[in-house]
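The structure under discussion appears below in the form of structure tokens.
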Amino acid sequence: MPVSHPTVYEPLTEQGAISLAVRLGLFPEGTPLACREIGDGNLNLVFRVVDQQTKKGIIVKQALPYAKVVGESWPLTLKRAVIESNALRTFASYVPQYVPKVYYSDESLAITVMEDLSHLQIARKGLIEGKTYPLLSQHIGEFIAKTSFYTSDFGMNQQEKKQLAQSFVNPELCKITEDLVFTDPFFNHETNNFEDELRDDVEALWNDDKLHLEAAKLKRKFLTEGDALIHGDLHTGSIFASDEETKIIDPEFAFYGPFGFDIGQFFANLLLNALSRPEQQQEPLFAHIDKTWDVFSTVFSDLWRTHNVEPYAKTEGLLEDVLHHTFIDAIGFAGCEVIRRTIGLAHVADLDGIEDKEERLQAKRYALRLGRSLILQRETLSSTKEIRSLFAQTVLAATN
């Protein structure tokens, strides 16, 4: 895969993106090209370069040296562009059907040129609109299972795994997660962002020593358990989808982390969407949670039995222990994500987009209670069906 020679970093423009596409020969000579900046995230510029005749295009993504959501006062490493392109290539070696093709990367300019997925829709947007994406959980479960297994000590030579893990050391972006997911929402921190009407609920979390202990345990797992190469930010805004197709994007937070983290992030964002819906429209979200875990555990178990390089692989109870801890960790991580997406720095449109103010505030109160329950009760849950029950109990208790 071509990688450029060192150059001096400068932010890309629409004309610059067109010039790059021409230089790389990604379109036939003389093709009339148009370009538009389409990024709506916090950390990058994203350009779509399109053949005006065929409407076929490419995506040019460039990391910014700061977070757009804050500005230049929050500097960020450009190395994350290398992390992202390398993660996409690594994932593609196991599940090419679930990630965009990478055509080119430039380390100095922090640029990745990749497949255009504009025929698909960001899953969060579609779910908010009421779409169900029937294959979403099948695909996400398989993606997490295969990438987790094959990049772990069970799926590859342990020494090779250590070398691969070294290439994905990602301290700056891991710190964002450590702060925004596992720390700041649980304290009176300046990055938090919530409505005044929620202050009593939020201060209750800040003063909850039992919750703090469990959140600290989950943070420690994130800090210390390097099970496999994980996406690191697998929410529904990092997924393109249709009824037939799923593509995972934006793995710039990728690093060697706990098996359960990506699952927990995905669960949390499905639960947040469920909280935004009337009860009679929540079933597809719970079905996706069920299916994700079913597929993950089945595929991971099949790979364990057929491709495991660990001498202890056939030891009775080891697979079950790995899956058990992955599940309860995922539940806890989901709880942290639900809380942070409600009162932390980066919210989700699922809740913030609820038009009626009282309904929006109520949904956020439910989210805080649900997040707390997921964290505190994670070790008592043994199946995804029990997540449904916990969800119902949280909402029911809040209405009584």
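Using the three backbone atoms N, Cα and C, a Cβ is placed for every residue, glycine included.
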Remark   = Given that Swiss-Prot records Asn44, Glu115, Asp116, Leu117, Asp250, Pro251, Glu252 as binding ATP, the matching residue among Lys55, Lys61, Lys125, Lys131 is Lys61
Inquiry  = Taking 10 A as the limit, how many CB atoms besides its own sit near the CB of Lys61 (ATP binding site)?
reply    = 26
Query = According to DSSP, does Arg340 (substrate binding site) fall in a helix, a strand, or coil?
reply = helix
Ask   = If you measure every Cα to Cα distance among Asn44, Lys61, Glu115, Asp116, Leu117, Asp250, Pro251, Glu252, the residues said to bind ATP, what is the biggest one in Å?
value = 18
Note = DSSP, reduced to three states, assigns Glu115 (ATP binding site) to strand
Remark   = Cβ-Cβ distance under 8 Å, sequence separation of 6 or more, same chain as Asn44 (ATP binding site); the residues meeting this, in order, are Lys61, Gln62, Ala63, Leu64, Glu252
Ask   = Which site among Glu115, Asp116, Asp233, Glu252 has the most other CB atoms no more than 10 Å from its CB, taking these as binding-site residues?
value = Glu252
Remark   = Most Cβ neighbours within 10 Å, among the binding-site residues Leu117, Asp250, Arg340, goes to Arg340
